[in-house]
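In what follows, a structure is listed as structure tokens, so that the remarks can point back to it.
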Amino acid sequence: MNTVHAKGNVLNKIGIPSHMVWGYIGVVIFMVGDGLEQGWLSPFLVDHGLSMQQSASLFTMYGIAVTISAWLSGTFVQTWGPRKTMTVGLLAFILGSAAFIGWAIPHMYYPALLGSYALRGLGYPLFAYSFLVWVSYSTSQNILGKAVGWFWFMFTCGLNVLGPFYSSYAVPAFGEINTLWSALLFVAAGGILALFFNKDKFTPIQKQDQPKWKELSKAFTIMFENPKVGIGGVVKTINAIGQFGFAIFLPTYLARYGYSVSEWLQIWGTLFFVNIVFNIIFGAVGDKLGWRNTVMWFGGVGCGIFTLALYYTPQLIGHQYWVLMIIACCYGAALAGYVPLSALLPTLAPDNKGAAMSVLNLGSGLCAFIAPGIVSLFIGPLGAGGVIWIFAALYFFSAFLTRFLTISEQSTDVYTEERFVRENVQTNFDKTVKQ
């Protein structure tokens with residue numbers, strides 16, 4: 001028993017709520033299954049008969065499904081609880097994948113491809129983002145920044161690192177179709193760990209005599225009832241514009257200065273490796289220096305500066321691989337400066353944390369549309385330099401907006417006391433930690 005308590009103490013000290021550790025492990029395994037198709041599914045479908053436009057439309061439909069699912073995940077958790085919401089996400093992924101792989105791809109029937117892949121797209125936000133909402137409810141405020149940092153570490157590690165790494169070996173060994181089927185093993189294993197091994201009890205703040213439809217509508221109305229939450233959603237949308245926009249035009253721009261596709265891919269991959277490490281670091285920094293200050297200076301200002309540096313460095317010094325690698329890594333680190341936003345937003349709406357997290361998750365989805373849209377609209381008339389300045393200006397604007405995301409001391413004290421009481425009732429681990 002002492003060994004178990006010791007492990008719980010260690011996990012809490014590094015920022016992982018010990019009573020939710022199996023949920024974190026479940027998320028990373030689930031996201032491996034979701035991310036294993038990155039980089040090769042579109043070329044595979046084109047090789048089997050789709051046009052490039054049809055493939056682009058397929059992924060656009062998928063993105064729409066992801067955005068809607070992400071937006072609603074928080075209010076679903078607040079209304080029905082995280083286990084039910086995550087179970088719906090797991091089933092959507094499994095059913096959508098089965099239809100997509102087992103029937104739509106063999107027949108290459110385009111409407112079926114659109115519908116089944118969109119159903120699959122509903123899955124991971126309902127699963128992963130609902131767990132993030134769960135974390136925001138069940139974690140003490142003094143480690144909440146680190147706790148959400150660990151969530152984004154697990155999420156990104158599975159989606160952008162382990163998933164593609166696994167498929168780089170699985171596709172040559174088993175083929176594309178069997179690799180897609182293997183995703184179900186990962187999501188099932190992750191689902192079992194997060195839903196059944198994770199013993200935390202969820203206790204949402206209940207509203208008396210409020211119909212469920214009104215609770216669900218909070219995902220939209222909270223942005224007007226609490227403008228700070230709406231501002232936070234805008235900041236979150238700006239967060240990843242570089243992540244979704246750079247890949248469209250930077251490789252072509254860098255090629256003018258002698259950077260090969262291979263060098264670009266190495267720089268891009270290393271950027272995200274640094275990012276997942278700094279997700280944890282800036283989670284801890286946010287708990288020490290303040291969530292708002294971390295997002296504003298390290299996230300907004302940092303991303304703005306290194307966005308400009310990525311563009312101007314090749315012009316100033318030409319082909320210098322390691323210099324550009326260092327700058328890209330600095331951008332990846334600054335990108336993680338936005339991590340405390342996941343702790344800040346639910347604290348701005350202590351009575352509607354689920355709705356606040358829905359707005360945060362909506363921002364996560366919207367940037368996947370807005371960034372390519374900016375590139376497509378302005379790359380022609382303004383060129384790469386114009387797009388870079390638009391991105392940098394948006395990052396600096398997000399830093400300005402973050403100034404308004406203030407929390408009153410009174411709300412913070414009430415929230416901390418509520419968290420303290422709930423955790424002592426819920427888990428033996430936290431009871432030990434608090435003693």
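Residue 1 is the first one shown; counting continues down the chain.
Positions of Cβ are set from backbone N, Cα and C atoms, glycine also.
Features of the protein shown, as given by Swiss-Prot:
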- 1-13: topological domain 'Cytoplasmic' (TOPO_DOM)
- 14-34: transmembrane segment (TRANSMEM)
- 35-56: topological domain 'Extracellular' (TOPO_DOM)
- 57-77: transmembrane segment (TRANSMEM)
- 78-85: topological domain 'Cytoplasmic' (TOPO_DOM)
- 86-106: transmembrane segment (TRANSMEM)
- 107-112: topological domain 'Extracellular' (TOPO_DOM)
- 113-133: transmembrane segment (TRANSMEM)
- 134-142: topological domain 'Cytoplasmic' (TOPO_DOM)
- 143-163: transmembrane segment (TRANSMEM)
- 164-176: topological domain 'Extracellular' (TOPO_DOM)
- 177-197: transmembrane segment (TRANSMEM)
- 198-228: topological domain 'Cytoplasmic' (TOPO_DOM)
- 229-249: transmembrane segment (TRANSMEM)
- 250-264: topological domain 'Extracellular' (TOPO_DOM)
- 265-285: transmembrane segment (TRANSMEM)
- 286-293: topological domain 'Cytoplasmic' (TOPO_DOM)
- 294-314: transmembrane segment (TRANSMEM)
- 315-320: topological domain 'Extracellular' (TOPO_DOM)
- 321-341: transmembrane segment (TRANSMEM)
- 342-354: topological domain 'Cytoplasmic' (TOPO_DOM)
- 355-375: transmembrane segment (TRANSMEM)
- 377-397: transmembrane segment (TRANSMEM)
- 398-435: topological domain 'Cytoplasmic' (TOPO_DOM)
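Look at the topological domain 'Cytoplasmic' (342-354): DSSP puts its residues at 9 helix, 0 strand, 4 coil. Through the fold, the topological domain 'Extracellular' (35-56) approaches residues 105, 108, 110, 113, 158-160, 162-164, 166-167, 170-171, 176, 179-180, 182-183, 186 of its own chain, all at least 6 residues removed from its boundaries and within a Cβ separation under 8 Å.
Put simply, of 14-34, 229-249, 265-285, 321-341, 355-375, the stretch with the most CB pairs closer than 8 A to the transmembrane segment (177-197) is 14-34. Tertiary proximity for the transmembrane segment (321-341) is limited to same-chain residues at least six positions away from its ends with a CB under 8 Å from its CB atoms, namely 145, 148-149, 152, 232, 235-236, 239-240, 242-243, 254, 259, 263, 266-268, 270-276, 278-279, 281-283, 285-287, 291-292, 294-295, 297-300, 302-303, 305-307, 309-310, 313-314, 360. Computed over the topological domain 'Cytoplasmic' (286-293), the whole-number mean pLDDT of the model equals 91. For the topological domain 'Extracellular' (315-320), residue counts in helix, strand and coil come to 3 helix, 0 strand, 3 coil, using DSSP.
Here the transmembrane segment (355-375) sits against the transmembrane segment (57-77); at least 3 CB pairs are under 8 Å, leaving out pairs fewer than 6 apart in sequence.
For the transmembrane segment (377-397), the list of distant contacts is 238, 241-242, 245, 248-250, 252-253, 300-301, 303-305, 307-308, 310-311: same-chain residues at least six beyond its ends, Cβ to Cβ under 8 Å.
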